Amino acid sequence: MGFSSLVCVLFFFLGVKVYCQYESYQWDEDYDQEPDDVYQTEFQFQQNINYEAPFHQHTLGCASECFCPPNFPSSMYCDNRKLKTIPNIPAHIQQVYLQFNEIEAVTADSFINATHLKEINLSHNKIKSQKIDHGVFATLPNLLQLHLQHNNLEDFPFPLPKSLERIFLGYNEISRLQTNAVNGLVNLTMLDLCFNKIDDSVLQEKVLAKMEKLMQLNLCNNRLESMPPGLPSSLMYLSLENNSISSIPENYFNKLPKLHALRISHNKLQDIPYNIFNLSNLIELNVGHNKLKQAFYIPRNLEHLYLENNEIENVNVTVMCPSVDPLHYHHLTHIRIDQNKLKAPISSYIFLCFPHIHTIYYGEQQSTNGQTIQLKTQVFRRFQDDGDSEDHDDHHEGPEEEGTEENIDAHYYGSQEWQETI
């Protein structure tokens, strides 16, 4: 292999490494794990990675401050270079990465030549709303993703191009949203507004209702006291953790039939309608860290239920599952119910209603005098066979490590012998 061939191979692998670093976006967090208390952004800066430009950074047409991989000529990487202004962006660039700099303004001429841009990452800078020239993003007809998280924004950026599909605005100081700010965002599928200063008044006019393709809405860590009104029926993932929501209106979710995941932990929920979560497509439900005193109806397709840190004293299984249909069993597999006020494990009748359950995490419970108690069974696991048991041991992690376990016969519940015991 000649010298030129070796150089080409080297450039290829370097380009793939850089490209993969920025293009591996996740739709959302892993449903198998409890959401972190600290909101996770799409891109995480790693201290042990060298983000400086390689020696061959001066690719034809690339800004001198940045790096344009030869194998990915449409991408320009300008991150972590202590830039105070946006460098010149060539017309052929489609992705520009400017995160972890000291940029304070986005001027009208920032993208004047870069009309082919599909993705802009300006996260982790010092940008204020008044320093964004009006319409600077709206002039980009091909823009699909816009990252502005971890800045100093006070207003929702407006106007934006109707081509936009994903916008990240978490970790700002946004407290205002114009009524017509999102009217033209007909293609938006993901809106991240976590860690801002949004209260009920900001969403009163049902400003989100016209986003007919919206699938993921993140409103965690804001100042909401009630459920946001007028959400689009296309929604599949709704994050409302760490607000001050105390109730959910009757029939609130009737217009959200596609909802797959609902996270409303760390709020002030107390009494909620019995069948409020009767959603046929719901897979994950997190209502932990509230003030709930009793269980509620569990929809048939729900798999993961988080009830930790509430005030539940007794779990009435017949409330969760009023009837048993042998042809259409419930799909529930995991329950987390630690840090409640249980005095005994859940009735074994639960395995007739929910035959697919294989983990119930009881952990510690709160006693009436404020001290913690431990039930005889802290972790209930059901192993279908020896292979499942070995596989679980290989992946044993988290708070369940300290619990005791019970192994049961998966086919016992539902048998004639079981029927005679109830």
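Using the three backbone atoms N, Cα and C, a Cβ is placed for every residue, glycine included.
Quick look at what Swiss-Prot lists:
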{"type": "SIGNAL", "residues": "1-20", "note": "signal peptide"}
{"type": "MOD_RES", "residues": "Tyr22", "note": "sulfotyrosine"}
{"type": "MOD_RES", "residues": "Tyr25", "note": "sulfotyrosine"}
{"type": "MOD_RES", "residues": "Tyr31", "note": "sulfotyrosine"}
{"type": "MOD_RES", "residues": "Tyr39", "note": "sulfotyrosine"}
{"type": "MOD_RES", "residues": "Tyr51", "note": "sulfotyrosine"}
{"type": "MOD_RES", "residues": "Tyr77", "note": "sulfotyrosine"}
{"type": "REPEAT", "residues": "92-113", "note": "repeat 'LRR 1'"}
{"type": "CARBOHYD", "residues": "Asn113", "note": "N-linked glycosylation site"}
{"type": "REPEAT", "residues": "116-129", "note": "repeat 'LRR 2'"}
{"type": "CARBOHYD", "residues": "Asn121", "note": "N-linked glycosylation site"}
{"type": "REPEAT", "residues": "142-164", "note": "repeat 'LRR 3'"}
{"type": "REPEAT", "residues": "165-184", "note": "repeat 'LRR 4'"}
{"type": "REPEAT", "residues": "187-207", "note": "repeat 'LRR 5'"}
{"type": "CARBOHYD", "residues": "Asn187", "note": "N-linked glycosylation site"}
{"type": "REPEAT", "residues": "213-233", "note": "repeat 'LRR 6'"}
{"type": "REPEAT", "residues": "234-255", "note": "repeat 'LRR 7'"}
{"type": "CARBOHYD", "residues": "Asn242", "note": "N-linked glycosylation site"}
{"type": "REPEAT", "residues": "258-280", "note": "repeat 'LRR 8'"}
{"type": "CARBOHYD", "residues": "Asn278", "note": "N-linked glycosylation site"}
{"type": "REPEAT", "residues": "281-294", "note": "repeat 'LRR 9'"}
{"type": "REPEAT", "residues": "301-322", "note": "repeat 'LRR 10'"}
{"type": "CARBOHYD", "residues": "Asn316", "note": "N-linked glycosylation site"}
{"type": "REPEAT", "residues": "331-353", "note": "repeat 'LRR 11'"}
{"type": "MOD_RES", "residues": "Tyr412", "note": "sulfotyrosine"}
{"type": "MOD_RES", "residues": "Tyr413", "note": "sulfotyrosine"}
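Distant neighbours of the repeat 'LRR 11' (331-353): 32, 34, 288, 298, 300-315, 317-318, 320-321, 324, 359-368, 373, 375-377, 380, 382, 399, 408, 413-414, 418, 422; these residues of the same chain sit at least 6 beyond its ends, with a Cβ under 8 Å from one of its Cβ atoms. In the three-state DSSP assignment, the secondary structure recorded for Asn187 (N-linked glycosylation site) is coil. Secondary structure at Tyr77 (sulfotyrosine), as computed by DSSP, is strand. Counting every protein chain shown, the Cβ of Asn113 (N-linked glycosylation site) has 14 other Cβ atoms within 10 Å. For the repeat 'LRR 9' (281-294), the residues of the chain that approach it from at least six positions outside its boundaries are 31, 34-35, 236, 241, 257-272, 301-314, 316, 319, 336, judged by C-beta separation under 8 angstroms. A separation of roughly 10 Å, to the nearest angstrom, links the Cα atoms of Tyr77 (sulfotyrosine) and Asn121 (N-linked glycosylation site). Just so you know, the Cβ of Asn242 (N-linked glycosylation site) picks up 22 other Cβ atoms within 10 Å once every protein chain is counted.
Rounded to the nearest whole angstrom, the C-alpha distance between Asn242 (N-linked glycosylation site) and Asn113 (N-linked glycosylation site) is 42.
Sequence-remote contacts of a segment are chain residues at least 6 beyond its ends whose Cβ falls under 8 Å from one of its Cβ atoms, and for the repeat 'LRR 8' (258-280) they are 28, 31, 35, 37, 220, 233-248, 250, 252, 286-293, 296-302, 306, 319. For the repeat 'LRR 2' (116-129), the residues of the chain that approach it from at least six positions outside its boundaries are 22, 41, 43, 45, 74, 79, 89, 91-106, 137, 140, 142-155, 157, 168, judged by C-beta separation under 8 angstroms.
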